[in-house]
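Okay, structure first, notes after.
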Amino acid sequence: PERKLQGLVAATITPMTPDGQINLSVIHQYVDYLVNEQNVKNVFVNGTTGEGLSLSIQERKQLAEEWVCQGQNKLDHVIIHVGALSLPESQELARHAAAIGASGIAAIAPSFFKPTNKDELIAFLQKIASEAPAVPFYYYHIPSLTGVKIRVEELLDGIKERIPTFQGVKFSDTDLLDLAQCINKNEREQFAFLYGVDEQLLSALAIGASGAVGSTYNYLGRKTNLMLQAFAKPDLLLARKYQFLTGEFLNFVIKLGFGVAQTKAVMTFVSGIPMGPPRLPLVDASEEFIIKAKAKLENIVWPDGN
């Protein structure tokens, strides 16, 4: 049986050429970097950080194939995000992910015509999940971007009957009460609750999150793994030091304006792998941002001395 998804999951960036085409040629290097340099062996492809909804269906398929192919015998889990505004497109992506051997699929709620209650949302998700009946399915909860504020605690009630492949949630929201209620009420189900707000991960671990999906694990994965180890010991003082330093960096760059374009820039200067520009309407990180962010990251003294 597939190992339960836990620990760190890197929300992958989509590398692009200077003229804005997807750049599949660096995925091989990207996989090796995550595994060898960041000690991260799980990925979440075509999500928010990967500009998934800005890509064509064909591009999303090509990226999914490349990650599954390059991750063979190196990565533990390759989760493909298949959410889209169009149900048939989501279903097509789900079938494709199953066909190429993805370890899981995930979907956000549609964000233009929105479901207004739990039953409408589950009906939509069920139509996607049923196209990949042998593949674990995860709900990707990110209300700040979808505008769908249906509480996950409510959504999970009876979900397994409607979606037999349901395995858990990527929980990208700051509502820790909702997350705590999910974990408290679903302990027997063994669902995976993967937290998606990197600067608050320690708080989520304290209430029982089983892991995390986030963009910072592309370049701060090793440091965050040290935080997870400290928390497991438990050495809360040390775990807090790591969380505070991650937070210090994120607080600094958020004030400068921090989004997908800036994440691409940080990953490029940390890893040396060119991530390229974002796709419009996002615009490239400024030279000023890159200089300041690089200096900030280099000046952080981590507890392990690096």
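For all residues, glycine too, the Cβ spot is worked out from N, Cα and C.
Nobody curates TrEMBL annotations by hand; they come from automatic prediction.
Straight from TrEMBL, the features:
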type     : residues      : note
ACT_SITE : TYR140        : active site, proton donor/acceptor
ACT_SITE : LYS170        : active site, schiff-base intermediate with substrate
BINDING  : THR49, VAL213 : pyruvate binding site
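Geometry remark: the residue listed as 'active site, schiff-base intermediate with substrate' versus the residue listed as 'active site, proton donor/acceptor', CA distance 5 Å. Using a 10 Å radius centred on the Cβ of THR49 (pyruvate binding site) and all shown protein chains, the other Cβ atoms total 25. Between the CA atoms of THR49 (pyruvate binding site) and the residue listed as 'active site, proton donor/acceptor' there is a gap of 13 Å, rounded to the nearest whole number.
Of the recorded residues, VAL213 (pyruvate binding site) and TYR140 (active site, proton donor/acceptor) place their C-alpha atoms 10 Å from one another. Around TYR140 (active site, proton donor/acceptor), the same-chain residues at least 6 positions away in sequence with a Cβ under 8 Å from its Cβ are GLY47, HIS81, GLY83, ALA106, ALA107, ILE108, VAL169, LYS170, SER172. Cβ contacts within 10 Å of LYS170 (active site, schiff-base intermediate with substrate), excluding its own Cβ and spanning all protein chains shown: 29.
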